[in-house]
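The structure under discussion appears below in the form of structure tokens.
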């Protein structure tokens, strides 16, 4: 999470310098190259982070299953393609040759990446529900199940807002007020980072080890209400 934040910071700084130099001199003076590099690294790290958290790596288990590794093997190359498409889109403009094709490639790859990162979260929720019926730790599994269900909803909201709502803002606002869509996207990103960092931060005193019998019984009863945790 810290690595994602650092890369995001450098990405924004390079973008600011890029636009500043273009405004003053008409040329980016190499800042655009740095921007694309940090944008690529940040994108790869963010999707890797979501996949690792979704699989429960280091939180539920200290390893990745084969199907979870395959998701990473799909997402990372797709992010490479998405960033290549983004460079072509930014550097050529809407009147450039094959600009529309690259735009469609970028949108398609982005949607596939967003859908792929949801699968590990769904698998973790399914595994927790199955474990809750067999291992006798209802309270622990209920806490984890609730956390992963919240994360699933937050990831969907983040993807929808940054891909659909922000695009709608860019479409309906005039050029003078295009900054509003950028502010909206960055605030949504900040909220997502804060939620992820806070919910999955390391705990010095694990609350799962201080559960009494009443809490265990109450959790067991709540886990019987399957409909509450339907995706």
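Backbone N, Cα and C define each Cβ position, glycine as well.
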Stretch carrying transmembrane segment according to TrEMBL (options 9-31, 101-123): 101-123
Annotated stretch (transmembrane segment, per TrEMBL) among the listed ranges 175-195, 196-216: 175-195
